[in-house]
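Straight from Swiss-Prot, the features:
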BINDING   Gly35, Gly36, His37, Asp55, Phe80, Asp102, Gln109  S-adenosyl-L-methionine binding site
Amino acid sequence: MSQEFAHLSVLLAETVGGLNIKDDGIYIDGTFGRGGHSRQVLQQLGENGRLIAIDRDPQAIEAAKQFADDPRFQIVHGGFGQLADYVEELGLVGKIDGVLLDLGVSSPQLDDAERGFSFMRDGPLDMRMDNSQGQTAAQWLARAEIEDMAWVFKTYGEEKNARHIARCIAADRDKTPFLRTKDLADLIARITKSKERNKHPATRVFQAIRIYINSELDQIDQALEGAVNVLAPQGRLSVISFHSLEDRIVKRFIRRHSQGESVPHGFPVTEDQINKSRKLRAVGKAIMPSDEEIERNARARSSVLRIAERLDY
């Protein structure tokens, strides 16, 4: 594999292991990236197995050519939030044995200054997962209202100085538009101070803008609901999160579908009916990376893996 596509997949063995790969199973890698998890799945699949990979990043689609000669593999260019639609088009609803989701931005995207995801590298303020469509971060910052910016920074970045930063951006953009990542990062560093050790003051704002531009949390909601609807009985769901917003969504989703429908006290419903409304069971506890993995790959530090299994009622 070329250096361009080199990428250390986080919690690789644990995530793929959580899928309980069957020789002839059908699996979905909803976030192909550079193919680390897909490669591991293909290595464990038999000749009659099948892997459907999904990604909206054109560079990821290019990277998928490494598996072009493998008849068990196919790549879909699109967002993982629409995975249920893709599965329906393929006539595989209820036949999927496992879904893997590695959420957030990938290392190659962060490391490529031209993608505009990182405040550590100067590049165009883009931040689109699919840079062939949609508005860029620069375009949004140029016309967003102060209240809207503050809401995004607070909601998606949990930024305590959200309103102050939004006001400063609005004041400065009238003089010079924010077109480069360095422009935005320098402004935030100048007007705020991060109280979190070893964390750049712009970290939360960059995260918030990226999540908003790409509708990431909506994509997660849609993907999780879609996964439950396409999984076969005993099919597995493995999801890696990288920050509290993502993990909260995944944790609550698994809990909600593990407990079944909530009914008012005294409502005439049988235990069997409640059981039939349960769609998932959590498999073990949340898995964190080992100290050894964090030492090899610092970006694994904040990762959390949760695994669930589709129930058969």
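Each Cβ is built from the backbone N, Cα and C atoms, and glycine gets one as well.
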Determine which residues of the same chain, besides Gly35, Gly36, His37, Asp55, Phe80, Asp102, Gln109, have their CB within 8 A of the center of the CB atoms at the recorded S-adenosyl-L-methionine site, and list them by sequence. Ser9, Asp29, Thr31, Phe32, Gly33, Arg34, Ser38, Ala53, Ala60, Ser106
Students should find that the Cβ of Phe80 (S-adenosyl-L-methionine binding site) has, within 10 Å, a number of other Cβ atoms equal to 28
DSSP, reduced to three states, assigns His37 (S-adenosyl-L-methionine binding site) to helix
Longest CA-CA distance among Gly35, Gly36, His37, Asp55, Phe80, Asp102, Gln109, per record bound to S-adenosyl-L-methionine, angstrom: 17
